[in-house]
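> Structure in structure tokens, see below.
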């Protein structure tokens, strides 16, 4: 009898230890997500950080706005008029996320879950003439909106929750190990579950890295979008041309000064032969 009791007690202890170990493993591998938007000097830009095991694995800074068309009744209550709701991602939003080796996700909720933005990032490898090349991109976007939310929707004909999404985007393409940066506005079209409606997502002041972050809370080297590179070239080109023009002017003045000095030191030969007798 004592042996059975001891065996049962031993089994219970083992189960308790296994449960404790399982909980500890879940806690260690748990990912925490932080909304650091209050640190941004731009009131329209949000900052989100996903950390795993105490290390940053996803960072995202951006300003987001959604242009959502919806129908309202005309004054005759017969015809329909399409209005547009402009919904901005606000500070203080609730955020979730997870990091993976080839897939990472960021999910943001605001206005009491009336709006949800889900962004899926994918890392892929491609064969090129230079060999295998890895890149990451924004692969999917889901935007859930509730037309019963009265701040942005004024007397809509249909009150419902809709999903606007875009699959296989391949947007924000960036070499692996780098962050993506773009100050210019970028638009992404999302097909809505509200028939014949297209939601426009506008991103700006973007700086994102969903993979391969080396230093905690620090972006890796930036991969700038083509629009930013063009604007940077347009800003620096006049400066470069001005420097070249200034250098040409300085060189011209130096050559003129040297030439003038050399000609001034040469003996002047008189053209009038009567003056030769005064020479010597």
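Cβ atoms here come from the backbone N, Cα and C positions, even for glycine.
According to Swiss-Prot, the protein has these features:
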- 1-29: signal peptide (SIGNAL)
- 30-235: topological domain 'Extracellular' (TOPO_DOM)
- 35: N-linked glycosylation site (CARBOHYD)
- 53: N-linked glycosylation site (CARBOHYD)
- 102: N-linked glycosylation site (CARBOHYD)
- 127: N-linked glycosylation site (CARBOHYD)
- 236-256: transmembrane segment (TRANSMEM)
- 257-280: topological domain 'Cytoplasmic' (TOPO_DOM)
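Help me picture these features in the structure, burial and contacts included.
Model confidence over the topological domain 'Extracellular' (30-235) is summarised by a mean pLDDT of 93.
Residue 35 (N-linked glycosylation site) falls within a strand when secondary structure is assigned with DSSP.
DSSP assigns residue 53 (N-linked glycosylation site) to coil in the three-state reduction, placing it in neither a helix nor a strand.
The number of other CB atoms found within 10 A of the CB of residue 102 (N-linked glycosylation site), across every protein chain shown, is 12.
The secondary structure of residue 127 (N-linked glycosylation site), as reduced to three states from DSSP, is extended strand. Take the CB of residue 127 (N-linked glycosylation site) and look out to 10 A: across all protein chains shown you find 8 other CB atoms.
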> So which of the glycosylation sites is most packed in, judged by how many other Cβ atoms lie within 10 Å of its Cβ, out of 35, 53?
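Compared across 35, 53, the most Cβ atoms within 10 Å surround 35.
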> Taking the Cα of residue 53 (N-linked glycosylation site) as the centre, which of the glycosylation sites listed as 35, 102, 127 lie within 10 Å of it?
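Hits: none.
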> Cα-Cα, whole number of Å: residue 127 (N-linked glycosylation site) versus residue 102 (N-linked glycosylation site)?
17
> Round to a whole number and give the Cα-to-Cα distance in Å for the pair residue 102 (N-linked glycosylation site) and residue 35 (N-linked glycosylation site).
23
